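Peer 1: Take a look at this one; I'll ask things after.
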Amino acid sequence: MDDSENNAPSTPGSPGFSTDRLPPNTTTSRGATDPSSYSDDDDDDVVGAEEAEVDPNVLPEDDGVVAAEEEEDGEDLFNDNYLDDYRRMDEQDQYESVGLDDSIEDERNLDEIMADRRAAEAELDARDVRTGAAPDRKLPRMLHDQDTDEDMSFRRPKRHRANFRPPREPRTPRSDDDGDGATPSSPGRSQRGMYSGGDVPMTDQTDDDPYEDEFDEEDEMNMYRVQGTLREWVTRDEVRRFIAKKFKEFLLTYVNPKNEQGEFEYVRLINEMVLANKCSLEIDYKQFIYIHPNIAIWLADAPQSVIEVMEEVAKNVVFDLHKNYRNIHQKIYVRITNLPVYDQIRNIRQIHLNTMIRIGGVVTRRSGVFPQLQQVKYDCSKCGTVLGPFFQNSYTEVKVGSCPECQSKGPFTINVEQTIYRNYQKLTLQESPGIVPAGRLPRYKEVILLNDLIDCARPGEEIEVTGIYTNNFDLSLNTKNGFPVFATVVEANYVAKKQDLFSAYKLTDEDKAEIEKLAKDPRIGERIVKSIAPSIYGHEDIKTAIALAMFGGQEKNVKGKHRLRGDINVLLLGDPGTAKSQFLKYVEKTGHRAVYTTGKGASAVGLTAAVHKDPVTREWTLEGGALVLADRGICLIDEFDKMNDQDRVSIHEAMEQQSISISKAGIVTSLQARCSVIAAANPIGGRYDSSKTFTQNVELTDPIISRFDVLCVVKDIVDPFTDEMLARFVVDSHARSQPKGANLEDRVPTDVEDDPLAAARQADPDILSQDMLKKYITYAKLNVFPKIHDADLDKISHVYAELRRESSHGQGVPIAVRHIESIIRMSEAHARMHLRSYVSQEDVDMAIRVLLDSFISTQKFGVQKALQKNFRKYMTYKKDYNELLLLLLRTLVKDVLHFEEIVSGPTTRLTHIEVKVEDLKNKAQEYEIYDLRPFFSSAHFRDNNFVLDEGRGIIRHPLAA
């Protein structure tokens, strides 16, 4: 036949299709192979069993004549109606446009397109005839894959069988002399033939469990040998089945070594999850990596694909154990906990992209909940056909090219009824205040919450996020920077809320044993007070107040309706240079979650909360301020008096109700601000005037003053003895803290210089290290919740009545009902300091003493003496009598020095001062102190350069030259 006459169409449905063009021998669509190329052994390998069953029926003995005719004329493969199967059906002779370039509009109609296509295929057929190529390359695949007994050339090759082999079917044996036409599959790996693993969904491969497959030892070893990149390796079908098999074994067979009963850990967790009606199964990464270390590493480095398999397995396991649970939840989510590697937000780099990370911080902003497309269907606006479903994820965007029915290119509208959505929310996670390096701004990272993780955290809460660090395209960044920049986000897989907010500071068993041992010391309260800022001399009242504030009282919630705060607020008011700011800095370094700010540097919204418009969603969002960030911690405000009145009023609610109500831009909500407030302020004019009341010395209103539990007044009084001790303390501190390399021969030992507090501890071994003090406070707040007895309330009521009576006569700070609660909070804090479960009489007396010291210090100088005399029985409780006797002795020394100055003139010729012991005894008896021998042998007496002369009955004190 001439080439010009060879116009037979390639499709059997075309007119003029001739059966004579069907080849006698065909194999696969990739080329023609003579059946003789297959060896007998190869044929026996593949279909030997089938031939054994069929051969006796091929040529039956009774029909020998018919068989002879068929042997002579050949078998008629086509009956009279075979052409009906290939009749022309134009409505089905259409092809999808997926993957085609649709940028060029084709103006031809369907008939013209099909005519041109037939002409092109006829030309290809003519070329095949000229070149001697296989004339059967365009035959339908259904004709190639027929397993007939008469014509072995239509048998499906083994490599095509491998793709569709059921997982439970054993591997077909293969002889050593297989031909080229039957390439076997390598152990444990499927060959990519007609369909790849990504083209055929795993759930459709078999009616049984799609992840059930048999892997021998060699197969498992091959699975662990990663070929190519890890992300491509874990997407292979055989690797996914291997991961699924191992994870299913882990879920059903893992036994926690700590479980004495030996029950299956995750079967129990699945039952608890179902009982709680949840859809998230938490997998401990440390347990998983102990059983399957390689797969656990794959999970950390390529989490997207591995978690997808794990969630499918978890869903099957849960639904197998609980048949009806699929009616409640359609999907089970796998949450990875205890990821061992913890990264700071500022240390995340591009190497972490598309890996699983664990970060922590404070939630500063939270968006609303949005519906995100998960499984979308479209309606063709021209023919009404429903297209889809299309699966949408965070990495790809679904675009429909054309309608397969009418070939229209749109427009397409989302079918709202059949489209499936999922919840979507965005958080802004900022570094915790305590870990930000000095002089640096805190970094932040966007966190995406999906499905049941919605609303798991609110602004101000400290959380840990385990998720996938990924990137997304942000057009605004490209416009801003002028070159392609991708925004990075963390897709949360697991969110752990730090309920106690102290979990960042881990306590070992040795630490707990040492803390319990310290708590048995009857002087532990005094030791803790001494350990507060030991580099600052004196100020025992401030140190006591700060210690009580750091331990805190017990929060109360009356029947879930009325909440009483347990945090203690402290105000430090005093002259400049009295170490107020240094106290705040010490608390910032010692407290677990302390936020430091200044009155001038913080506005009202900077302290409470601000409302911002989200640049992406264009909706208003809340961003917490300093008080919100310090939730369950301490907020330190320096220069409190420099704040504007409007800014100061904004923290009234935060200090008492410990919440911040917001009604801005249509947002009406409340944020948590459960923190202690320790503020420092300077008096009016720079110096505190004792002839004026407290309110006259500071620009603060009564509502804000009454919210402070303790008011500490610090006055810079000229006292030769106190000044001398202070100067000596400062000089010794500097001498012991010389920089490295200076005066090497005079330097102190290394163990002293490495720790700034070592010098102070050398002078006083009772001082605890800052690290141990942190651990002690953490342990106390986690494990001790003291309760108060009814008997103690009577004494508190009596003291309150007396204070109310005295405050009505004076002009100091008025006593209100809040001060009763202050006494209770401080007594609970003192009990917690001693790790006691109940408040004792000792704790109540200490709280009353601190409150009285605070109240009396705010009065005028003339009123203070009368109040000290009236409340002496409360104020002398648990006071260090050595300190009191030292104060009395110094007063006597000053009186003698003043007398000598009047009588003899200038005192430069005096070398020492002598005080009679009898005078000191008389002074001590006024305070009900009768035994002076412990004082004479104490360090207070000796360190202040006092010498006792028992023979003469005098106390000698040398004067500085």
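Glycine is no exception: its Cβ is also placed from the backbone N, Cα and C atoms.
Take a look at what Swiss-Prot says about it:
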{"type": "BINDING", "residues": "G574, D575, P576, G577, T578, A579, K580, S581", "note": "ATP binding site"}
{"type": "COMPBIAS", "residues": "1-17", "note": "compositional bias 'Polar residues'"}
{"type": "COMPBIAS", "residues": "39-78", "note": "compositional bias 'Acidic residues'"}
{"type": "COMPBIAS", "residues": "120-146", "note": "compositional bias 'Basic and acidic residues'"}
{"type": "COMPBIAS", "residues": "166-176", "note": "compositional bias 'Basic and acidic residues'"}
{"type": "COMPBIAS", "residues": "205-220", "note": "compositional bias 'Acidic residues'"}
{"type": "DOMAIN", "residues": "524-730", "note": "domain 'MCM'"}
{"type": "REGION", "residues": "1-81", "note": "region 'Disordered'"}
{"type": "REGION", "residues": "120-220", "note": "region 'Disordered'"}
{"type": "MOTIF", "residues": "706-709", "note": "motif 'Arginine finger'"}
{"type": "ZN_FING", "residues": "380-406", "note": "zinc finger"}
Peer 1: What number of additional C-beta atoms lies within 10 angstroms of the C-beta atom of G577 (ATP binding site)?
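Peer 2: Around the Cβ of G577 (ATP binding site), 8 other Cβ atoms lie within 10 Å.
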Peer 1: What residue among the binding-site residues T578, S581 has the most other CB atoms lying within 10 A of its CB?
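Peer 2: Per the Cβ count within 10 Å, the most buried is T578.
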Peer 1: Mind tallying the motif 'Arginine finger' (706-709) by DSSP state, helix then strand then coil?
Peer 2: 0 helix, 0 strand, 4 coil
Peer 1: Using DSSP, break the zinc finger (380-406) down into helix, strand and coil residues and give each count.
Peer 2: 0 helix, 7 strand, 20 coil
Peer 1: As a test of the contact definition, list every same-chain residue at least 6 positions from D575 (ATP binding site) whose Cβ is closer than 8 Å to its Cβ.
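Peer 2: Looking at Cβ-Cβ distances below 8 Å from D575 (ATP binding site), excluding near sequence neighbours, one finds N682, P683, G686, R687, Y688, V714, K715, D716.
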Peer 1: Summarise the model confidence on the zinc finger (380-406) as a single mean pLDDT, whole number.
Peer 2: 79
Peer 1: Have a look around K580 (ATP binding site) and count the other CB atoms within 10 A of its CB, chains all included.
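Peer 2: I get 24 for this one.
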Peer 1: At a 10 A cut-off on CB-CB distances, which of the binding-site residues G574, P576 has the highest count?
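Peer 2: Most Cβ neighbours within 10 Å: G574.
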Peer 1: For A579 (ATP binding site), just count the other CB atoms lying within 10 A of its CB, please.
Peer 2: 20
Peer 1: Does DSSP give S581 (ATP binding site) helix, strand or coil?
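Peer 2: SS state of S581 (ATP binding site) = helix.
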Peer 1: What three-state secondary structure does DSSP assign to G574 (ATP binding site)?
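Peer 2: Looking at the DSSP assignment, G574 (ATP binding site) belongs to a strand.
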